[in-house]
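S.K.: When I checked Swiss-Prot for this same protein, it listed these features:
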- GLY31, ALA32, SER33, GLY34, GLY35, ILE36, GLY37, ASP57, ASN117, ILE140, SER141, ASN142, MET251: NAD(+) binding site (BINDING)
- SER33: O-linked glycosylation site (CARBOHYD)
- ARG104, ARG110, ASN142, ARG176: substrate binding site (BINDING)
- ASP173: active site, proton relay (ACT_SITE)
- LYS239: N6-malonyllysine (MOD_RES)
- LYS307: N6-malonyllysine (MOD_RES)
- LYS329: N6-malonyllysine (MOD_RES)
Amino acid sequence: MLSALARPAGAALRRSFSTSAQNNAKVAVLGASGGIGQPLSLLLKNSPLVSRLTLYDIAHTPGVAADLSHIETRAAVKGYLGPEQLPDCLKGCDVVVIPAGVPRKPGMTRDDLFNTNASIVATLTAACAQHCPEAMICIISNPVNSTIPITAEVFKKHGVYNPNKIFGVTTLDIVRANTFIAELKGLDPARVNVPVIGGHAGKTIIPLISQCTPKVDLPQDQLTAVTGRIQEAGTEVVKAKAGAGSATLSMAYAGARFVFSLVDAINGKEGVVECSFVKSQETDCPYFSTPLLLGKKGIEKNLGIGKISPFEEKMIAEALPELKASIKKGEEFVKNMK
């Protein structure tokens, strides 16, 4: 089962399950008892790249930690429960992954989650700024288009802001794009790579199918349809789960893939590239997802948008107003915090 999980999308994920991989990454998962947090913690526990795994939530973490601790892999697991234990969970961490928050229900957009998740992310990232200011911060909590600006503003307030270490995890958009294009063209999804830029909600998700490797040719009707499916794939899962949650397993997989790529880069591996929603100067939007070359200190180089088609140019132009509004909403939230 786990070998099948390890197979697709991303050499980093495959390597993380190999016994030859050696590392001592200390990783914390905040929101570890939730629908994404539990399978994400399982994937992290299963990787030899991780030597210490600390799990935090406001309920059930001792049980999740006890369960995971019985797995015969090298990562030492410890659970932390409630705000008073959060500092100990974070001390010494190299990477912090935050999937905490409420999931979407049918009829909700990612933006509908803002009121609840904004304060959760602000609280957790404030603790990160205080107790592990040098760690890489990976935000999964939606709406990512707003929670990344929130994280940045919180770190600025604490005087420890480093834009090269704060990542909005958009990897699921890439995973979905790879899968859907592979299905459409009869390809092995493990060998397909579609960069996805922009943001992480609806029309701000911009798959660059013109840059797909291997190169694929699609008629405009298929291109429009598959682009729409990639943009609304999260809603597809929310509807299919019929009120029982949102994408959890695929999101955990994508989150683990991003963390393993980051750890590979921290270890000095060269040529590690992932897309992520970060502080950016690629457009007139202050945050934007593009392919990033990762390194020991986080973002080594923003690889930018590259050559794109007129269809993709149009999508960027249409996405920017919504993206700017979501970013401003996040920034204003922190400014108005007491």
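Cβ atoms are placed via backbone N, Cα and C, with glycine included.
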S.K.: What are the non-local neighbours of LYS329 (N6-malonyllysine), defined as same-chain residues 6+ apart in sequence with CB under 8 A from its CB?
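M.R.: Once residues fewer than 6 apart are set aside, LYS329 (N6-malonyllysine) is near PHE114, SER146.
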S.K.: Rounded to a whole angstrom, what is the largest C-alpha distance between any two of the residues ARG104, ARG110, ASN142, ARG176 that the record assigns to substrate?
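M.R.: Farthest Cα pair among residues binding substrate: 18 Å.
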S.K.: Can you give me the residues near the recorded substrate site, meaning same chain, not ARG104, ARG110, ASN142, ARG176 themselves, Cβ no more than 8 Å from the center of the site's Cβ atoms?
M.R.: PRO143, HIS200, ALA201, GLY234, THR235, VAL238, SER246, ALA247
S.K.: Considering Cα atoms only, can you say which of ASP173, LYS239, LYS307 is the nearest neighbour of ASN142 (substrate binding site) among these recorded positions?
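M.R.: The answer is ASP173.
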S.K.: Are there residues of the same chain, six or more positions away from ASP173 (active site, proton relay), whose CB falls under 8 angstroms from its CB, and which are they?
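M.R.: Residues satisfying the criterion: VAL196, HIS200, ILE205, PRO207, ILE230, ALA233, CYS275.
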S.K.: Take the C-alpha atoms of GLY35 (NAD(+) binding site) and ARG104 (substrate binding site) and report the distance between them in angstrom, rounded.
M.R.: 11
S.K.: Looking only at GLY31, GLY35, GLY37, the binding-site residues on record, which one has the least crowded Cβ, with the fewest other Cβ atoms within 10 Å?
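M.R.: Output over binding-site residues GLY31, GLY35, GLY37: least Cβ neighbours within 10 Å is GLY35.
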S.K.: At the Cα level, what's the spacing in Å between GLY31 (NAD(+) binding site) and LYS307 (N6-malonyllysine), rounded?
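M.R.: About 38 Å separates the two Cα atoms.
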S.K.: Far apart in sequence but close in space: which same-chain residues, 6 or more away, have a Cβ under 8 Å from LYS239 (N6-malonyllysine)?
M.R.: PRO106
S.K.: In sequence order, which residues at least six apart in the same chain have a CB under 8 Å from the CB of SER141 (NAD(+) binding site)?
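M.R.: Non-local contacts for SER141 (NAD(+) binding site): GLY31, ILE98, PRO99, ALA100, GLY101, ASN117, ILE120, VAL121, THR147.
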